[in-house]
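Visitor: Just lifted these from TrEMBL, have a look:
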type     : residues : note
DOMAIN   : 43-294   : domain 'G-protein coupled receptors family 1 profile'
TRANSMEM : 25-49    : transmembrane segment
TRANSMEM : 61-80    : transmembrane segment
TRANSMEM : 100-122  : transmembrane segment
TRANSMEM : 142-165  : transmembrane segment
TRANSMEM : 204-228  : transmembrane segment
TRANSMEM : 240-262  : transmembrane segment
TRANSMEM : 274-294  : transmembrane segment
Amino acid sequence: MDSHNHTSLDSSVFFLLGIPGLEEFHLWLSLPVCCLSTATIVGNITILVIVATEPALHKPVYFFLCMLSTIDLAASFSTVPKLLAILWCGAGHISASACLAQMFFIHAFCMMESTVLLAMAFDRYVAICHPLRYATILTDTIIARIGVVALMRGSLLMLPCPFLIGRLSFCQSHVIPHTYCEHMAVVKLACGDTRPNRVYGLTAALLVIGVDLFCIGLSYAFIARAVLHLSSHEARSKALGTCGSHVCVILISYTPALFSFFTHRFGHHVPLHIHILLANVYLLFPPALNPVVYGVKTKEIRERVVRVFRRDQGPGVKISE
């Protein structure tokens, strides 16, 4: 059905347009989406199973990794099914309540993930700068509290969002030029005063991305100072090596998020389909790549994955070293 027909005929229904200007490529774009979503599910479930079944991995850094994997899986299930329905058959109809729910969960999960990444930076800071106090600082109770804080922070910061959207009137188009119910994409359709929504969205983003990136940078500044005071080159390399996975995950997570954030608010000359592609990269790539990064760069996880595959091949198969 032509997208222009999906206007304000029914105030309780919106229509997600997909990627305007690239409609003829929707079916092809579904292929990388399927690959990334499959990698997300397989990779993160593998991480969760390995950490749960290996007592040697019951350490703070791996508990935080499990939190990250759980959030990535939940975020993927919040976006990918509807995204594929749009790309495969143009099924962009979504009720207003479902749109608000999707908006809440997507942004809340992103905030939770940022909080966990900050916690992982703190974990590396304690491990390198205060190694003798590591076990007493990052106890199971503290880890559980950090998990609760991540959950509450994301939920509470996003709680006003549905109410602020609900007060708006959509007297013109109900067509959302996006693949999911992104906050600003919905706000731009409203007819009334949207300044509270815009101010709230910018404030929430700065409170999460700005504060978390500052604290992560501060943690690594202290880590760098501690590493530079180590006497041997081998000790410095080993200390920095323990941070490699986390640094890669930070770059994977925050780089597309910052690009999407700044192009959405200041890149008015950037084509709309670029905005939407960046927003989807922000949601699809980090959950798929995070398990790969930790699986490749973390020796303990890599060894256990190899052990599982060797066990599955059976005792009669000889594995070359």
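Positions of Cβ are set from backbone N, Cα and C atoms, glycine also.
Just so you know, TrEMBL annotations never went through curation; they're auto-generated.
Have a look at these and tell me how they're positioned relative to everything else.
Guide: The average pLDDT computed over the domain 'G-protein coupled receptors family 1 profile' (43-294) stands at 87.
Beyond its flanks by at least six residues, the transmembrane segment (25-49) meets 18-19, 65-66, 69-70, 72-73, 76, 80, 83-84, 86-88, 90, 280, 284-285, 287-292, 294-295, 301, 305 of its own chain at Cβ-Cβ distances under 8 Å.
Non-local neighbours of the transmembrane segment (61-80) in the same chain are 33, 37, 40-41, 43-45, 47-48, 51-52, 102, 105-106, 109-110, 112-113, 116-117, 119-120, 123-124, 127, 143, 146-147, 150, 179-180, 249, 283-284, 286-287, 290-291, 294, 300-301; each lies 6+ residues outside the stretch with a CB under 8 Å from one of its CB atoms.
Outside the transmembrane segment (204-228), and at least 6 residues removed from its termini, the chain residues within Cβ reach (under 8 Å) are 107, 110-111, 114-115, 117-118, 121-122, 124-125, 128-129, 153, 157-158, 161, 236, 239-240, 243, 247, 250, 254, 257-258, 261.
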